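Taken verbatim from Swiss-Prot:
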{"type": "ACT_SITE", "residues": "Cys54", "note": "active site, nucleophile"}
{"type": "BINDING", "residues": "Thr53, Cys54, Asn55, Arg56, Ser105, Glu110, Gln111, Gln112, Gln116", "note": "substrate binding site"}
{"type": "BINDING", "residues": "Gly185, Ala186, Gly187, Lys188, Met189, Gly190", "note": "NADP(+) binding site"}
{"type": "COMPBIAS", "residues": "431-440", "note": "compositional bias 'Low complexity'"}
{"type": "REGION", "residues": "409-446", "note": "region 'Disordered'"}
{"type": "SITE", "residues": "His95", "note": "site 'Important for activity'"}
Amino acid sequence: MTGDRRLFLVGLSHKSAPIDVRERVALTGDALKAALCELKAMEGVTEALVVSTCNRVEVFVHSDRPDAARRFFTERSPAAADHLYAKDGVEAVRHLFRVASSLDSMVVGEQQILGQVKEAYGLASAASAAGSYFSRLCNRAFATAKRVRTETEIGRGATSMSQVAVELVEKIFGRLEGRAILLVGAGKMGALSAKALAVLGADRILVTNRSPERGLALAAQVSGSYRGWEELQRLLGEADVVIVSTGAPTYVVTRESMHAAMKARRRRSICLIDLAVPRNVDPACAELSDVYAYDVDDMERVVATSKQARQGEAIRAEAIVEAEVMAFAKEREARAALPVLAQLRRHAERIARAEAERTLAQVGGKLDDKGRKSVEAMAQAIVNKLLHGPTSRLKEAASSGDSALPGAAAELFGIENETAGGERREGGAEGAAAAPGAGPVRSQGT
């Protein structure tokens, strides 16, 4: 069943699904690009955006088919169906603005999510899945997030999953000086972890990464040491703490490798923190004696205190988000009137042109060029004067959020309302504004 084209969101996050469900539908690299192409090819979908992070996978589509995004999930993992949430229209807009502003994050106020949403939009644009609608929507979301960041102190305290992980390590071990801390992965999460460790006084930071160049660069930034990827097994036997965050789709630390490492450690305990989704550390490692393993879902309990401390700032941030959502909706309503105005003008000019041609045909050759132009100018002047009032009132109504008047005007004048229901053809509104009619009345005859 089809309807009006608008924004639809279907997704799951740390709030609705455990990590073992989220990792089944997580999308990265080529899989994410393929997903965008698949969504764009769905019947009724004009634009698509996918936000996939360690804590959420969300699909946004501009479509007239409410079930398009849901089918995308259920076809990949039937188990995801029980964990999905769905929003549309203004509610979907509000959700994206809250996500970009880190108000829906596990760590409220964290800075990474805005970059991740920007990256998601960049990928969608590069894949030709995002067009004019998502350009307006996402840029407004980014501006909202910037306001939240600059007008509140929502980012105060531990504001990334990596920082939370490092604070957990500090709570477990106390002082970090002298502790051997191994970072497996030198991407964004690894870099954030390294910096947070250095701030807390860690002085034995080891880095291993599949790409030596990236690993060497990160180790140098924090006065640490780089070790080759082939040394991972030996390093598991030496480190007190292992923080894992690679882009690998499978485990890089298995139960078997950890079992062998514990033999070499002679029962010396180890802390494993897995910040990756899909997980990089086999959950079965936690079954081994003296192995203390944590994944991203375990971090939620750690951040509870930090979240409570920022509650007041979160309330201020929510007010900013709400104001921006309403402003975006109001602008959309104003744009909704533009195609109706363009059609109304074209409709009036067609009638005026036909009447001018009929009049000129009746007078035959009695009028010279100047006379014919006078008739055409008179017809155009009548159109302009008749439409001046309705045009002004339509624009005023749209600016005040009245979406009913454009539809009523279309019905009253007997023209098709291309924007009935709100956003159905929002992508073409700018074009209609740029070319609001067929031009001045010109006779097609003599």
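Just so you know, glycine gets a Cβ as well, placed from its N, Cα and C.
All features noted in Swiss-Prot, drawn onto the structure.
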residue : record                        : Cβ within 10 Å
Cys54   : active site, nucleophile      : 26
Asn55   : substrate binding site        : 27
His95   : site 'Important for activity' : 22
Ser105  : substrate binding site        : 24
Gln111  : substrate binding site        : 17
Gln116  : substrate binding site        : 18
Gly185  : NADP(+) binding site          : 26
Lys188  : NADP(+) binding site          : 14
Met189  : NADP(+) binding site          : 24
Gly190  : NADP(+) binding site          : 24
By the count of other Cβ atoms within 10 Å, pick out the sparsest of the binding-site residues Thr53, Ala186, Gly187.
Gly187
For substrate, residues beyond Thr53, Cys54, Asn55, Arg56, Ser105, Glu110, Gln111, Gln112, Gln116 with C-beta within 8 angstroms of the site's Cβ centre include exactly Ser102, Met106, Val107, Ile113, Met161
What other residues of the same chain, not counting Gly185, Ala186, Gly187, Lys188, Met189, Gly190, have a CB atom within 8 A of the CB centroid of the NADP(+) site?
Leu183, Ala191, Leu192, Ser193, Asn209, Leu218, Ser245, Thr246
Simplified to three states, DSSP reports Ala186 (NADP(+) binding site) as coil
Between Cys54 (active site, nucleophile) and Gly185 (NADP(+) binding site): CA-CA distance (Å)
15
Just the number: how many Å between the Cα atoms of Met189 (NADP(+) binding site) and Thr53 (substrate binding site)?
12
